[in-house]
Amino acid sequence: MAAESYTPLVDIKVRSDDIRACSFSSWYDKFKKYTPKAKIIQPLPEEFLRYLAQDGIRLSLEENDSTYNDHCLKRDDDNEYSDWEADDDGDNDSDSDDDKNGKEEEMVPMVNFPDLHREIAEVIGEYGAVTPKLNWSAPRDATWILPNNTSKCMNVNDIYLLLNASNYIAYDLDHAFDECEDRDNSDNQSIQFELVLRKWFDINPALEFRVFVRDSEIWGISQRDLNYYNYLEPLQDTFTNLIEEFVYDIVLPNFDLKSFVLDVYLPRPFESCWLIDINPWSRTTDPLLFSWNELASKDLDSDASPEIRLITEHNMGRFVTKEHSENQVPKDVVQASLDPESMRELTYKWKEILKMQEAESDSDSN
């Protein structure tokens, strides 16, 4: 029997210096003219980093926003947030002093990092609304936790909720250097973490693109929002020309790395290119409509334009969903997790529904 042919997995090497070069503050000043306005807060106090890592979200009592009801959300064993466990703990007076002493101190914004809290509030006051990120990642996977279902933050508590609920942010804090061939256990300890607050502006997701640059050449361009938009295909030459001009004339002459991944935005009337982010040339970066094997191994035709890949037909299973929808939950569940009374009411309703289902099941079996 003939052996099945297969494409061997291509080794993609990334070094810790590559990761550091893609940290927002490392490149923002070089491309400030082409990047949405932002404020970088660094260094971040150790208490704030512990706050992001703790099991629960303690919101600020200073924020006059009734949406959050000024209390603590606790993370349960399923990595979901509620205050149910917090209430149970509060009613339990049997904890010994030793148990209490063994618990880590809970970080509270206005107690443990009041200066940072006020600085964030000042930036929001200046910009009106912001969208946050750390060195590399934005909490795109946690937008479900805000009432507007976007990363648009109107107050400090919005930022605390997004950052605490995001797996992307947790990855930045704990695993940013995991794929580096020269990884050192001290890398995460030595990095200076930063909070980036970008001025909010509405982006048409259809006009965001991911650009793969290898050895100072564009090897591929992918639509970033994986839904079908019928007006994109006739414009693909316009998109390619804009991106080529931006990468070769602006980015490559001013950026230290020769292999990296850009996120860009092409606003109408398609006369300019905005730089949104720079990501490492690494398998940890989503290849979207490409695969990392083909990006790392395919030959480049120097006489041809870079390949741009778009969604060219309706994928109904994908089109009716939103990015990161696997992280989202019904609005009544979110509201219940923020309000103790709503949580009790919702839990009561669930129990009643379960009893009815069990009763129906018993009657059917009889």
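The backbone N, Cα and C atoms fix where each Cβ goes, and this holds for glycine too.
Database features (Swiss-Prot):
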REGION    79-108  region 'Disordered'
COMPBIAS  79-98  compositional bias 'Acidic residues'
BINDING   Lys133, Trp136, Ala138, Arg140, Arg198, Lys199, Trp200, Phe201, Glu208, Arg210, Arg224, Asp263, Asp277, Asn279  ATP binding site
BINDING   Asp277, Asn279  Mg(2+) binding site
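The secondary structure of Arg224 (ATP binding site), as reduced to three states from DSSP, is coil rather than helix or strand. Every protein chain shown contributes to the tally, and the Cβ of Asn279 (Mg(2+) binding site) ends up with 19 other Cβ atoms within 10 Å. Annotation for the binding-site residues Lys133, Arg198, Arg224: lowest Cβ count within 10 Å of the residue's own Cβ, Arg224. Its own atom aside, the Cβ of Ala138 (ATP binding site) has 24 Cβ atoms within 10 angstroms in the protein chains shown. The two recorded residues, Arg224 (ATP binding site) and Asn279 (Mg(2+) binding site), have Cα atoms 14 Å apart. Long-range Cβ contacts of Asp277 (ATP binding site) within its own chain (separation 6+, distance under 8 Å): Phe24, Ala138, Leu262, Asp263.
Cβ-based neighbour count (10 Å, all protein chains) for Glu208 (ATP binding site) stands at 17. Each residue contributes its Cα atom, and for Lys133 (ATP binding site) and Asn279 (Mg(2+) binding site) these two points are 13 Å apart.
In the three-state DSSP reading, Asn279 (Mg(2+) binding site) counts as strand. Around the Cβ of Trp200 (ATP binding site), the same chain contributes Tyr127, Gly128, Ala129, Val130, Thr131, Lys152, Cys153, each under 8 angstroms and 6 or more positions distant in sequence. Across the structure, Glu208 (ATP binding site) and Asn279 (Mg(2+) binding site) place their CA atoms 15 angstrom apart. Separation of the C-alpha atoms of Arg198 (ATP binding site) and Asn279 (Mg(2+) binding site): 17 Å, rounded to the nearest whole number.
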